[in-house]
Structure formats: structure tokens, C-alpha cells
Amino acid sequence: MNTFRLFAGLKLRLIAGNLRGAVERKVGFVFTLIAAAFVAGIGFLSMSAIRFAEPDLAADLGVVVFSALVVGWAVIPLLSFGVDDTLDPSRLSLFPLRTREMAIGLFAASATGAWPLATLIALLGGVVGLSRGLAGALVGIAAVLLVFALCLVVSRLITTALSSALRSRRGRDALAVAAIGIVLLFQLPNVIVNRGVGDPTALLHGAAGVLRWTPPGLAATSISTGNPLWLVPVAAAIVLIGWLWIKALARALVTPDSSSQAASVRGSTGLLDRLMPDGPLSAVVYKELRYIRRDPRFRVGWLVSLVVVGVLAFSQSGGDSTAGPGLVIWLTCLGAVMIGAQQQFGNMFGADGRALWMNAVVYATDRDLRTDLRGRHLAATTIAVPLIAVLAVAAGMFTGATSGILPAMLLGWGLLGVAFGSGALTSVLVPYTIPDRLNAFTGAAPGQGGQAFLGSMGAMMATGVVGLPIIVPVVLGIGWMGVVALPYGVAIALLGEHLAAKIARMRMPEILDAVTKAA
Amino acid sequence: MTVDAVRTHGLAKRFGRQVAVAGVDLTVPAGSFAGLVGPNGAGKTTTLSMITGLLRPDGGGAEVAGFNVWRDPVEVKARIGVLPEGLRLFERLSGRELLIYNGRLRGLPRAEVAGRAEELLRVMDLTEAADKLVVDYSTGMRKKIGLAAALLHNPSVLFLDEPFEGVDPVSANTLTEVLRRFTASGSTVIFSSHVMDLVERLCDWVSVMAGGHIVAQGPLDEVRAGRSLNQAFLDLVGGGSRDSGDEGLSWLGAQR
């Protein structure tokens, strides 16, 4: 019990420590509290509101929501690993604690905090919503406590079992990319409902039919039926998972950190590099292409823009036979803008971050910096241009409006150039630090959210406004104007590079400072 | 009279209310192996950042080989090599790719860069790790690849911020060998450190910083004036007479 109190106190102190930090941290902390209170309130109310649904539907909803909560607890801590120190057992491995004490302590730390409390309150809403009578309510409270414990042990088991992988560079890289999959997973219900695939009630019923036999499903069932027997397997599952967790913990505490063992990379020179004339420009292109392939932040950027376009295309093109060339143009332009709006183009020096000094001690003239910006754009172009072409052709084939393909492609390329030009300017005017450790919740270092917002909004707005002269004619159906779009885009990109290079040379120390803030 | 490798006058920088560097007049003659020593927070890193053009000073000026750092960046940047403390390298390149990128960025032809990179990797004992990503390098390997990158274009003045921190004795020995050979050819090395033994062993010129000022500077023998450099340093920065903790910490080492 002592250990329990000690660790709960430790966690509270860690949380309270946020209040002593800089203003941004305080704001972040208050925001977290508000968000947690909001989730707790909404969760409790909406779970209680299940009471007004038909009993069958209510039972199904309870099963699905309880299962979703457990899945959330399994997945979300993975994304914040490294942010929350209490998740990593290796931080505690040097303290003279027995595994049992450690397990109790970590469990206590998990149970303490705003989000666990919010979960508990939301779960208690389930008692109000599902239980029938006093006996049912008592069973319900027991069930809720069990599901809460289940959430904690499941999340502990997963983070502990994966902790050594999560500490390694490769593990984190893989996770960063996998995080998109997880975000997408949460979007899945949305897409399904939008597309009108089947009847939502039937889908819910089907899902509940399967999930009913999982531990959280059983717990929900026991509340709605008022039968405590269903809780026996739930408790058994908690004991089993808890046992596995303690085993994993014991192993994690004595397993050495393997994160420094590394594999070699292929040292190929690359086709583009061999084709281009030797010099700084091809050096930048070479570096940039390697970064796109190897840095998870770059991979995530490209993947996100593809996924967003894919999801939009999927949800907008469904079953609409009247879609003409307009839709093809719309989708292609959207793709081009999504590619051009990536963080790495609107904050080009931020992408270098703490390595920027290596360039800064070399670049002495406007020309040097222009070469740098152009190299980055060229590298991205070799990927983006074919991609936009494929997008235009695919959209054209899909909708059958093949006449829209060529104007769409040309306009898409032109807009990409406009986006590059605007991005180059925001890169030098509002640079900000992109954290090394990618996490799913923020794209900027603490305190620079404003710059990040300003930068991306600025780039988007500028792209829209500067792009108007080429967008409007093509949208109005003057397809041949697409021919003008490409040179227009290239001109804007060159102009952007030119101005950005001038500003960057004068502001380099300030840019360097802005992109190397402690994250 | 030859031009000094580095000369600053009244170099100053403040961060908010805190004055980091309060008018530094640093002089380093060409061809010297110079140590910039001082306690933590003395302003060493800030001074080096301003001289290498990475940080804009609030006042004063800096010259490298007679060229003003802020007015003549082309001349200055071609002549200097830099290894800042704790700053990152391009982590997602392999060691070899990093060197080649750096050389080509400076306009050296590809074949020439590849040759130099190969030699540097061999001297630094990094040949085996040459194709691993820098992100996976240890501290010592980082310092070595960083130094290799700083040397690749054959600079005439080399700035190193804490180059030996976190480096094992074998790697440190490699680093000093390379640096000795580099200064023997007439080039200048300026490095910051608070390891006095090392400075005493390597340097022929010492500048001592404390509280944002240069408190002593000159040839090594002149600065230490018969004492060990460590003692001279403690005398200069005023840490020598401080009681050694006799009053507090009485429990430390007591019978358990």
C-alpha cells in the first residue's frame, strides 16, 4: 500500500511540476485538464444517455464503447512513449525495488492523473446508462472498476513489452509511420458512415456480436444483464494480463539497451545524382532524397498528404455519375496543394533543425542559399511531379472524364510550383523548430505553435491567392489555360527561392536560433 | 607582422537580462594551438558561435585572418572549419555521405571529395562505421566525424567547442594526433575546454574566460607563470580559496 501511495504521489508531483515551468507548459497543462474534463463530462453524459435507447441497442453500444476504450488505452500510450517518463520501466531500473513493488508502483502511477480519472468517470456513465435496478448498479460499479484495471494492465503490458523496441531508433521510426495508420483507424467509422456502406445499426450489431466475447464486452454485458457471473472471465483476463506484464517487466529491467546496434545503409550514388552536373546543387538534391527516404518526419509528411487525398477521393467520388472534368481537376489540385503544404516545404530550414549550422557555416552568399532551396525543391519535384500525373490520370480514369486529365495535370504542377514559392518565403519569415522526437500531438516545439500555425496558414493562403490566376480560368472550363499554369508555377517558385535566399542570408543567425529551440 | 588568425574587439551578447559575453577581446596568433578555457557559463560557446557567424553579436566585432566575420562572410567562411558543441549533424546520412555532402556543398569536385573523405575516415578509424547512419553513432564517433567534416575543405582556422567531451582515450588520442599535424602545417586550432591537463599538454596559447570576460591571455608559459595551469586557472577565476566543503556534507563518508 505504501508503494502504491508513493508512486501515486510521484506521478502527482510530476504532473504538478508542469505548473512551475514556462508559460507554454502551463498553458499546455491547463489545456490538458480542460480536455480531460471535457472528455469525462461528455463521456459520462453520453454513456448515461444510452439509457434512453432501446435495451438491445443500448447493450450493443455499451459493448462497443467499452471495447473502444480498452483499445484506446492499448494504443495511445505508445504514441506518447518518451513523453511520459512513467511509461518507461528502464527509468526506474536502478532503484532498489522488487519486481512486485515495481509492478504495484507502476500500476499506481498509471491510475493517477487526469486521463485515468476521465476514463473512470466516462466508464461510470456506463453504469447509469446500462444497469437496471440497485443490484445491477452494484454489479456495474464492480464491472467498471474491472474494466478500468483492464485498461491499465493492457496499456502497461504493451508499453513494457515493446519498451526496448520503442527506445531504439528503428522502433521509433517505425512507430512514427505506424501512427498514421492508427489515426486512420479512428477515421474509419467516419468514412464508412459517409459512404453509406450498409445500415449503421446492423454494423453496430455485427461488431457488438463479436466484441461481446472480449473482456470489456463481457463487462458491459454483465452491467446490462445485471449478472455478475460475466465478470469472472474479466477478472481472470486481468490476472493473466497482469501476470504477463510482471513477467515482461522483470525481463525488461535486466535486458540491456540494444538501441545502439545499427545496420549499414546502401551507399548507392543515385541515378539523379549521376545525371546532374557535379556541384552544390546536386549535393543538396542527393542529401534531400536520402532524407525523404530515411527520416520518419519526411516519410510521414508524404504519407499523410497521400492518405488525405486518397480518403477525400474515396469519399467524394462515390456513386456520383455526374462528376465531370471538374472533379478530376479538383482532386488533382488538392493533391498538389497537400503535397506542397507539407511542413518540410513551408519550414525548409526547420526540417534541418539542429543540423542547420553545417549549412550555415558554408553559405555566405544569396546564390549559396538559392542553390540550397532549389536543390530541396528539385528533389521533391522528382517525386511530386510523377505523383501528380498519376493522381490526375487515376482520377480521370475513375470518373471517366478523361478530357480533364491534361488540364488537371498541368494545373497541379503549376500549383505545386506556387506552393514551393510561398513555402520558401514562410520558411525564412516564420521558421520554427520541428521536434526531433516525432509525436502525434504536435508539429512544433513548445511555445512555437503560433509560428507553426502562422507558417502553414501563411503558405496555404499565399498559395491560394497567388494560384488564383491559373486556377480560375481552368475551373471556368478554359482548359487550354493549363498550358500557362506550368510556366507560371515555375516562375513563382523561382521568384520565391530568389526572395527567400536574400532574406535567409540576412537572417541566418535568427533562423538558426528559431529552428534549434529545445523541444 | 603576420595577421592574427582571430581577433575580436568588445564582442558582447546578452540573452534577455543575462549577459553572456561582456566585451571580449580575444586574440589568437596564426599557427597557434589555442585553448579557450573557463568555468561553465563563462561564455566560451557564445563567443565561438559569434566568431563563426552562427550567432549575431549585440556589440563589437570579430575578424578571422583579417576579414570581418559579418561584412566579409565569403572570405571568412571559406577559411574556417567548425565543430560546435552538442549540435547535431545531418543524422540521416551515413558518415561517408555526410563528408561527401559537406565537401561538395563547398564546391569541391566529387572525385576529390570522395578521396579526402576516404582518407579522413581511415585516419579517424571510422572506416567500418562509414556506411552506418550518423544517428546511430556514439558520442566519440560523432566528434570524430564532425571533426572530419570540419577538416575536409582544408580550413586555415579550426574552431572546436569541447571536442574531447565524452570521447574515450583512444579516440581522444586520434583527435589530438590529427590536430597536432594540422597545426604543424601552420594552420590554427582554437578549442574550448575545461580540462586543464589537456589544454596544458596540447596548447601553446591560452585565453582564460570568466564571467563573460577574458581575464588572461597569452602564451601558455606566460599565463601559468610557474604554476600548473590548473592552479593558475583557479587563481584567475577566483575558485582557489573557496573552502573545500569542510563545514557541510559532514555525513558524507561517515560510518554507515
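Start at 1 and count along the chain as shown; that gives each residue its number.
Yeah, the Cβs are placed from backbone N, Cα and C, and that goes for glycine too.
Automated prediction, rather than curation, is the source of TrEMBL annotations.
Per TrEMBL, transmembrane segment is recorded for A:27-50, A:62-83, A:104-128, A:134-154, A:174-193, A:228-246, A:300-317, A:323-341, A:377-398, A:410-432, A:452-472, A:478-500.
Only residues 6 or more beyond the boundaries of the transmembrane segment (A:410-432), in the same chain, are considered here, and those with a CB under 8 A from a CB of the stretch are 329, 332-333, 335-337, 339-341, 345-350, 373, 377, 380-381, 384-385, 388, 391-392, 444-445, 448, 451-452, 454-456, 458-459, 462-463, 466-467, 470-471, 474, 482-497, 499-500, 503-504, 507, 511, 514-515, 517. Ranked by Cβ pairs under 8 Å to the transmembrane segment (A:104-128), the stretches A:27-50, A:228-246, A:377-398 are led by A:27-50. Beyond its flanks by at least six residues, the transmembrane segment (A:377-398) meets 272, 281, 284-285, 288-289, 292, 302, 306, 309, 313, 317, 327-328, 331-332, 335-336, 339-340, 344-345, 404-406, 408-409, 412-413, 416, 420, 424, 493, 497 of its own chain at Cβ-Cβ distances under 8 Å.
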